[in-house]
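*Asks:* The structure is given below, and queries will be raised subsequently.
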């Protein structure tokens, strides 16, 4: 008869085996699918037969390399008359407005417009429109989209020139040798690239965001004696880079390989407007509650947080015969440059993300700490040195020394696996490089790309990220139900709907994230 502690150890060991399985699937998917440059897209060669795509880019404030990121939409290898680009802002006082004007001036032959939320008169007349700032920002662009295919990309994302064509190929089912089954929703794997070089100063951050600049934007001055304070004030980008390229990348890849559940982070998503309209129409979709009287399309999610996840989930759960649910476009990476993000800003951003996820995918959020290295190594090492069958058959002693050895062994193996995946995603081996590719997107294996991170620099960021994982999770999930979102504070309900908190109410809310409550300013306090 097993004791209670042995039963708990057995349950944790089983959970650990599930986590190991996911890690193996995810890492294998990364190494296999990001080993070569993707083939040229087929849809780009269709001319007038290519489906029309409306690219929608919601913008809020200045971002590092904003010009490069927005201009990437204009440089796609796709028939120009089959692309419309809509850049969405709240109003023309946003500091990003001149950057968007410059991009449009530089590409006069492309159908591109800046759409201001304050000029959207239909928005105020929409019945039961909610407060979600991102949805309100892009509502008009979605409503007036040309053609059926919509590609929504965050303003701080850069993508290679062939991505549009390959995403259309995946969505439509185009492939060499015949048609494949089309998808309802396709998306990219996102990574973060920190522009900060900790062997030099912060000169790059002070340079103009209008520059399309490559290599000359590398910082040049020595950090000197103030290295530690500057690491704290600018090291959040490296920790965010670590999270997105290790933990997030491998589990994102695993879940999308298994296709067990909708898993899309929302940086770069493509779908059909007609299908989302049907999925959100209570008359056409019997699964919806007609009494709510919500608008259709993206406006349906204007009362919710995590709108990107919910859009993907709506298409996942709505039956469209002949279509697969979600498809990750392997090989193409959505690159997000960051610069000058403090460690506090990183923890605040992760807290916001986790707090939002708590209300949309509660079970996954509760289990998340068990997939983080330090906690995983702790419960697995304890389980391995507690379960009798392992002691009897494998000779693992039930001692604290054995537990410590197991912990360090597991942690080291986990770190090395993360390092391999990190190198693959930052190498640039799958990147289409041309004269317009910015240095941060080239990877360290291409000429003029980012520097390869020294191993000790990787290790320091990895330890920092893993060490912060549980405290940030506990703060976000346990201690609060408000988030700051695009400069406004919102209270989240358990049905994922949100209420904007008036300034006089803010003091009564439980927990706030001060780094997120400042105005938009490049990346240091970026929260979107």
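Backbone N, Cα and C define each Cβ position, glycine as well.
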*Asks:* What range among 403-423, 424-444, 487-507 does Swiss-Prot record as transmembrane segment?
*Replies:* 403-423
*Asks:* Please check, using only what Swiss-Prot records about topology, whether residue 398 lies on the same side of the membrane as residue 453.
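*Replies:* Each on a different face of the membrane, per the record.
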*Asks:* Using Swiss-Prot as the reference, determine which range in 349-369, 370-390 is annotated transmembrane segment.
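*Replies:* Of the candidate stretches, Swiss-Prot labels 370-390 as transmembrane segment.
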*Asks:* For the topological domain 'Cytoplasmic' (424-457), what's the mean pLDDT in this predicted model?
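*Replies:* Here the predicted model's pLDDT, averaged over the topological domain 'Cytoplasmic' (424-457), is 95.
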*Asks:* Residues of the same chain, at least six outside the topological domain 'Lumenal' (1-6), with any C-beta under 8 angstroms of its C-beta?
*Replies:* 386-388
*Asks:* By Cβ distance under 8 Å, which residues at least 6 away from the ends of the topological domain 'Cytoplasmic' (424-457) in the same chain are close to it?
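*Replies:* Those are 30-31, 34-38, 65, 68, 71, 75, 158, 160-162, 191, 193, 195, 197-198, 212-215, 217-218, 238, 245, 249, 331-333, 335, 337, in sequence order.
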*Asks:* With every protein chain in view, what's the tally of Cβ atoms within 10 Å of the Cβ of residue 308 (active site, proton acceptor), excluding that atom itself?
*Replies:* 18
